[in-house]
Every structure is written in C-alpha cells, then in structure tokens.
Amino acid sequence: MHLLSSLPKLRLFLTIITLSICLPLASTSSSVSSASSTATPSQAPSEHDYNEHLTLRPLPGNSLLASFNFKSNGSLDHGDHMLLFPRSLKQVLTASWARELHVKFTLGRWNAEEYGVQPNSGRTAGGTGVEVWAWVEAGDEEEAFARWTTLTNALSGLFCASLNFIDATRTIRPVLSFQPTGHHSDATLSRLHLLHGSLPREPVCTENLTPFLKLLPCKAKVGISTLLDGHKLFDANWQSMSIDVRPVCDDNGENCKLEMEQAVDMVVDIERSLRRRDSPIPKPRPHDQLLCDETKPYLTEDASCFPLDNLFDLGWSLSEIFGRPITGTCPFGVKEGVEALRVCLEVPDSRPVFLSVGSQERKFDPQNRCFLLPGEGYFDMILPKQRPPTLSPSTPPALFAERSFTGYGQERGGVQTILRNPSLTHSVDFVYLESLPWFMKPYLHTLSARLSGSPQANNEAFIKETYYRPALDRKRGTHLEIRMSVPRNSTVLLTYDFEKAVLRYTEYPPDANRGFDIAPAIIGILESQGVVGGVGGGEGRKVVSYLRTTSLLLYLPTPDFSMPYNVIILTSTVIALAFGTVFNILVRKFVLKSEVPKLGGRVSGLVGKVKNLLLKKRGKE
Amino acid sequence: MDKRCISVILGGMLLRLLLFTAFPSLPTLLGNRVEISTPVTSFKRLQEGLFLYTHGVSPYDGGVYHQAPLLLAFFSMMPSSAMATNLIYIIADIQSTLALIDIARSGWSTKSRLHESKRKEMAWPAWGVAAAFLFNPFTIAACIGRPTVVFTNTVILTAIAKAIQGRPTPATLALALSSYLSLYPCLLLAPLVLLSYDFLLHCHSTTLLPTNFSLSKFATTQVTIYFTAVACLLGLSYLITGNSWEFLASTYGVHLFLPDLTPNVGLWWYFFIEMFDPFREFFLCVFQLHLLIYAPGLTIRLRKQPLFVCITMLGILSIFKSYPSIGDTALYLSLLPLYRHIIPLMRYSFVVTSAILYATLLGPAFYHLWIYAGSGNANFFYAITLVWSLSVTLVVADALFAVLREEWEVEGNGREGKPVVQI
C-alpha cells in the first residue's frame, strides 16, 4: 500500500475503481479506507475538492427531513484527469455536448402545508418520477435533439432508469421557467439549447440508488453516504435524488471547473422507522400503548381511540432511523473551515443531543448545530424523547399549488390548479409550466384564471404572458408556460378544458385501465420586483425557487383489446355488403318474373322421359 | 316562391331561433356529441383554431384544428358573439332550403333530358321537400350543434341548384368550394358536370349554344374551372396562414390518413384503432379507393339521371368517408324526398326506417354506457355504428334499386307494378 502514496498512481487507482462497477464491493471499500490513511488533504489539488454534509431537520408530525449533499469538482478540459468527478458521467457529457445537466428522481409527496418550503428552495427536487433537463450545445434544434437523445439514452444506461423513453413527445423546450445556473461564456450561451423531459410514471427504486451512489467518491462505504440504504430511503414519505452538473468559474470567469452536486432529500416518518425496528411485521399497536385523546366526549369506553399528535418529540438516533451509524469519514473531503464534512441538526439548543465519542460540535450559524465527524470509527447521534415538543416553525413557501382534474367521463375533462399566496404583504410572480402528452388535448381558449369565490374569469389581471406550443398527434406533446401573478393573501384558480384522444390499441400500455400519468406542473417563483409598483421587466427576472404539483392520473377510453380480428371481419363485412349490393344492382338486368324460365326445366324433362318409359313398360305388360 | 314555401322557411327559422335562445346550453351539449361533431367539423375545435389564429399561433402546427383556413378568416371577421354565430348557421340552413326549393321546383328529378318518369304526379311539391329538410331532426341537431359540415352541405346544395338552373360555372365554383371545405365532395364532379350539360342541352335551343357544343369540350372547360378554383382557394389559404403549406397536411391529410381516432358514426375509427400496425397503410388505401370506385360506376350506369348519382354519392359518402357525422346523413335524407315518386318501389322501407330509429336511439345510450357509466365497453358503440351504417347502406341500395327499376319501367310498356328479378 505504500506504493500509493505518490499521487499519479493514486489517481490511476481511483480511476480504476470508478470504472470497475463489477469489482467486489468489499475489496473496494477496504482499498479506499486503507488509501485514506495515505492520502492527506494537502495532497489533493484545490480544484478537485469534495465535500459532503448531512442536515437533519425535524418536521411536524414526528417527521425528519434528512438532506444529504455531496459536491465534487472536476476539470472542464477534455482530458482524462477525472480524479473525483465520475468518469462515466463525464464521458456521457462530452459525447452528448451537454454543458449543464440536471437529473431528478423523486417519489412521494411533499406536504407543503406541514413541511413548509422544500429543501434548497426546491432546486434539488423534481416532480414525481424522473425529470431531466439539460443545456446542450448545438448548431440548430435538430442537432440539439439528436444530442439530447444520445444524452437520455446514455443516462438511461447509467442510472438503470427508462430515460430512453424520453422521446420527442415527452420533450419540451421551456422558455421562461429555467435559466442556466452555471457560468457559460456568451459565445457558448448563444449555442445552448434547453431540453426538458419527464417520466412521471417511472418508479424510482433501489436500482436507481445503486448507480447514484457509485458516482460518489466514497461509494457509500465511508462517510455520511453510509446512511443511504435503499430499504430506508424508499420507505420515506417523500424522497428525491438529484444530480446537478454545471460549470462554475470564479468572478473573473477564470479557473473554471465542472461542479457536480448530488443531493438526497428524504422525509422520514420517525414513528414508522422505529416501528420497523421493534417489529418487522406490521401489527396494530396494543390498545394500552396508544396515545388517545381522553377529552373527546363521543368516544365510548371500548376500543375506540382518537389519536393524539405532537404530544412530544419521539426519541431517535441515527442508527435507528437509517439502520446503521455513519462509518468513518470520506478521506477526500475538505477537513477544515466552513466546508468541512459535517452533520448538522436544526434543533434548538434546548434539546439535548448525545454524540458518540470523538465528535465535536461547531457553530457555523445560530440555527444549526453542526458536528464534525471523527476521523475514524462510528458516528452516531441520539436525541432522547422530549416533552413538550421543541418544534421550530417551518417557513411557508411563497406559493401553495394544488392541481386536479375536473369533470367526469372518458371523453373530456378539465384541469384546475389552485394557487394560493400565503403572504399578507406581497404578491407573488411565477411561471407555471405544463408538459402534457399529445393524447391530452387542451383547449387554450378555455384557459381562465379567476379569484377563488368569484364567478368571473379575469385573465388580464393574473396572466401576464403565455407561451403555448400545441401538441401534434404522435409527434409532440403540449408545452404551456404561463407567467402569472397572484395578489397578496388570495387564491387564484387556473382552469382549462381538454379532450381525451382515443389511441390505437397498440399504443396502450399493458395496464391500460390504470390510466396515464401526467407530469407534475412546475412552478418557478420569480424574484420579487423590489420596489412595489416599480417598473419591472417581465423578462430577465430570475427564478428563485421551484415547487411542483403532484402528478395526475388520466383515464382514457379504451377499446376492446381482445377483438381486433372480430372488428376487422365485421367492418369488412359491412363494407363488402355495401359494395356487393350496390354493384349487384348496377350491373344486373331487370327481367319480368314471368319471363324467367321456370327453375329446373331440364330436370322436369328428364322426369317426364322416365315416366314415359315406365308407362311403356306397363303397357307391354 | 309560393306562400307555403315561405311559411315553411319561416317556421324552420323560428324553430331554430327558439332552440338557440330558449336552451342556451343546447348548442354546447349537441356540439359535444360525437355523432354530430367530428374532429374535422367540431365547433369547439373551430373556436380553438380561431383563438390560436387571432393570437398569432399557427393552428395548423397542432393536433386540434383540422378545418379549412378560409373558415378561420371568415369567423375572425364575424362578430364573436354567440348570437351572431348562431345566425350564421341559421342563414346557412335557409340558403340550403332555398337551393333545395330551386331543385324541387325545376322538377328535374322526375323529368330530365334523357328520362321522364311515369309517376310524375306523385312527386312532392317544393314546400314539402323544404319541410322535410328544415324539420328533419338530424338537420336541426346538426344546425344547433354547429359543426362546419353545415356550410359544406349548403355549398353542395347550391352547386346542384346552380347546375339545374343552367349556370354551370357557378355550380362548378360552388363544388370547388365544398371540396375545399371537406375534400370528399370532389367525387361529385363528374355527375355535376353531366347534370349541367344535360340541362343546357335540354333547356336552351341549339341556336343559343355554340355550334361545336359537345360533352367533351364542356367537361374539359368545367374541370379546368374546377381545378383553377381549387388552386385559387388553396393559394388564398396559403396567404392567410402566413405563407405556409402546413395546413394541407393538417386538413386534407387528416381526412386521408386518419390520425385522430375519436369515435363517430362511421366505420373507420374502430377499425383503425384495432388494426395491426403493418396493415394500417394498406387498409387506409383500400378504404379510400373503395369510396372512389362508386363514382364511375354510378355515373355510367345512371347516365340518364345524374341528379340521382349526386344524391347516391352523397349517401355513400355519409357512410364511408373518414369522419362522417349525422349532418352528412341529414343531407342525403333531405335530398331523397326529391325522389318521392320512387319510394313505392323500395322494398325494405319498413326495415330501414326501424333500423335507423333503433340506431338513433340506442347510439347515444350505448356511448353513454361506454364513456360515462363504464358499464359497457367500446364494442357497444361500435355495434351501433355498424347497424347505422348498414341501415343507411340499405336505404342507398334500395333507392338505387327503385330508381333503376323505374327507369326500366319507362323503357318498355306493361312493366309497371309487376314482380321483377335481376339477372
């Protein structure tokens, strides 16, 4: 192992690890951890820095938000010096000319009413399923789309997800909602094409987590990523895995590097996690262990119970929630300063926290209590049961959005989005983006925005700008972007009608009667205009945070899948009948029935001959 | 025009006005019915196209609007109030009635250049034919539901009326307009030219006509006029839609290739939902050629009665075109009363009437079971469309039989009322 102390060989070694997916994991982990003893931070060049941290924030209802963040940097040049940046991803980016890439895997529902604003202002979360968007450098739209196809196909292989199903019908080119977050030179910027695709139906699962973790330098073997276990992650109420790759430069536009941020956010139900520990088989809790509200008068003596919430904070520890403690520290991370590897806890100082030996608390800002990980060994954190609960109030998001279908039947329907601005002082401006499949045909002339409670639509007051690209059957989906404004403390209803298409029977999925998933609407909150009533340009305002509605399930009318032959035969019969009858009448001659010779004239002649013969014989006798 | 005609027209107009004003939700309700509105005629889609057109988005770069560009230009010039639109539809129906009255009064259905019926006295007067059109429930439903097929019907009737009035060029121009609006009326070109030719020969003394007046010359002129008119209309559309030909694929392409499989009363939609992918193109060709093949057959066999060829072709189109609606059938059924005198010769009148009533009543019920109640599947509505198509086919075939038999009766003596067979 002493051979590895020189840097070039270490690089080589790490490259091999990154590439060798099939390498036995045990040996990889031992190699990395033994390498950690030799590779000191001073040896790592500054542009290849890496850091990871975990932030834990208790949420109402005994939930816990765990935000993992891993940031690594790679060089922008096209050489092979990857070091910590995953080479597999870099090759994909190079081949597809993607200059900035965002991939999101999301599952579950973020309950904004309870949880408040999403972590990282919604920047790292996507809509239900998989969402990808990228800025691809290309000369024209056609080339951009070809490169986008290369990108999605490669990512599909990389992440074991059905990203290759993002074809032209699921791709849109948003104009208002997204802006590049990295630094791009003006020359590049003019050649960048933004493409966006989503797969709302994709079930995000362990097979997506494993390749996600493989991109990390420590591969979930040491450091905080050891907490990421599929069983726990996908048991969460809401979870999102995101990868954001962008070029980052310093203020002068120099020293550019490729930054990759991997984030995992999850909302864990503490009670459910602990219950799993106590009894792996879910069983109803015995009556004497239930917390009941005894004051309810309508509850009788027997087994009924009105459960009580938020009586106290449940006690938990890292190993109870995630199934294991943090093992060691990732050796490549920054060890000093603000960026140091750490676990932060957003609980007030009043709540006691017990740490494992060797870790130390650092205060970076007043809300957070951060702990530096010990160099080696296990790190765990125990929060005992606390009564009364110590909840820090959640920040409400700038906007609450709920989207649902209206109408009934499988022929047509409507979409209604309820947009509520909770702020008492400011109106909120935002961009509302819908990407609909082609078989859902919206009628734009029915688009209307009205204040909740008022029957009169008032589009001019709320809709500032509309960008609409209608769907083309089997070629392109609908792309609708609306810049809207919701006044302070009010609720606006955005509605439109649509018609459902009937598909060819081969175009339905095997479970056709389940319905089709409609991608969540993406809402990008624009930065406030500063001075109230000041002249603010609608264009060029930055999106400061994102939120997404839930996905929708669209029922389409279905044909009878069992009888293509019958239909072909029956319809052909009707057509043949019509053709036959008409041409029969056209080509034949009319004849009086009396003029037609009697049927079987010859036969009767024959019979007569036989009769005559018989008569002759009789006569002879 | 006599008093009866005027009172029938007034009655039809008032009925429509009453329906429009007394039941303000009726147009939307009927306009949403698949039997009345098809993807190529729906009024809601027209509104969407208008909205996109007036907001600077090309309606042809999308999968919703499949109607002719001139309709856009026309409706964008009209006031956008619902009453104005309703009036346009009422006026269209009245224009159709006027054309029908012209056709009926000419008596061309009983006595033409090459054919004179022996049952002339049985023919209905003009007001009867007008009433059969204006008070036909299908026509009323089509007018209230406001599909654009109403305009196509008006233009077709006008074309026939002009031909019978001895004005061949306006007739051909009207036919060009109707083909421009919904493609399939182009199949009426041959019988319409013959109709104009017959009328000119019959009603003008030879001195009025040019000395070298012959069918081939006349037909060449009319066909040239027809194609020039169509080209002009297409060119105008090209200018209206911002110098782009993409409307061609989005209007006539839809008629030809059937990308939108929304249910209707025709036979195509379910057939092409269930069709195996490799055979889709083949059967599209077969279905289109099938429509094409009737035109020459009927025109040649019924050379003496080109008016009836037009009517029969309209009947066949209303069954077998790619997006038929009851508006098309209404046109056929309201032209049939012109041939009231052959109805006694039809063999299946009772069966056909029952079958049409059966399909009319059960169609909406079965559609509801499939789409809304969920207690039936697509086969329910499909079965009803089969019955509907079969019954209209029977009407067409039976009327054709009756007309041919009548022609045969005229050709010889002592044939009336005697049983016949075809060999």
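Think of each number as a place in line: the chain as shown, counted from 1.
Glycine residues also receive a Cβ, built from the backbone N, Cα and C atoms like all the rest.
The list of residues near the transmembrane segment (B:7-26) in space but at least 6 beyond its ends in sequence, with Cβ under 8 angstroms from a Cβ of it, reads 82-83, 86, 89-90, 93-94, 97-98, 127, 130-131, 134-135, 140, 143-144. According to TrEMBL, the transmembrane segment annotation covers B:7-26 (among others).
What TrEMBL lists as transmembrane segment is B:81-101 (among others). Beyond the transmembrane segment (B:81-101), the same-chain residues lying 6 or more positions past its ends with a Cβ under 8 Å from any Cβ of the stretch are 1, 5, 8-9, 12-13, 16-17, 20, 24, 27, 75, 126-127, 129-130, 133-134, 139, 143, 146, 150-151, 153-154, 157-158, 160-161, 334-335, 338.
The transmembrane segment annotation in TrEMBL covers B:122-138 (among others). Listed as Cβ neighbours of the transmembrane segment (B:122-138) (distance under 8 Å, sequence separation of 6 or more from its ends, same chain) are residues 2, 4-5, 7-9, 11-12, 15, 93, 96-97, 100-101, 103-105, 107, 109-110, 326-327, 329-330, 333-334, 337-338, 340-341, 344.
TrEMBL lists B:144-161 (among others) with the feature transmembrane segment.
Nonlocal intrachain contacts for the transmembrane segment (B:173-197), taken as residues 6+ away from its ends with a CB within less than 8 angstroms of a stretch CB, comprise 40-41, 67-68, 70-71, 148-149, 151-152, 155-156, 158-160, 162-164, 166-167, 215, 218-219, 222-223, 225-227, 229-230, 233-234, 251-252, 255-256, 291-292, 294-296, 298-299, 303, 306-307, 309-310, 313-314, 317, 321. Per TrEMBL, transmembrane segment is recorded for B:173-197 (among others).
According to TrEMBL, the feature transmembrane segment maps to B:217-240 (among others). Note on the transmembrane segment (B:217-240): residues 68-70, 72-73, 168-169, 172-173, 175-177, 179-180, 189, 193, 196-197, 200, 247-248 of its chain, located 6 or more positions outside it, place their CB under 8 angstroms from a CB of the stretch.
Nonlocal intrachain contacts for the transmembrane segment (B:252-272), taken as residues 6+ away from its ends with a CB within less than 8 angstroms of a stretch CB, comprise 34-35, 38-40, 63, 66, 182-184, 280, 283-284, 287-288, 319-326, 329, 363, 367, 378, 381-382, 385-386, 388-389. Residues or ranges marked as transmembrane segment by TrEMBL: B:252-272 (among others).
With a threshold of 8 Å between CB atoms, the same-chain residues lying at least 6 positions outside the transmembrane segment (B:278-295) that come near it are 184, 187, 190-191, 256-258, 268, 271-272, 312-313, 316-317, 320-322. Among the features that TrEMBL reports, transmembrane segment is placed at B:278-295 (among others).
Per TrEMBL, the feature transmembrane segment maps to B:307-326 (among others).
Per TrEMBL, transmembrane segment is recorded for B:346-367 (among others).
According to TrEMBL, the feature transmembrane segment maps to B:379-404 (among others).
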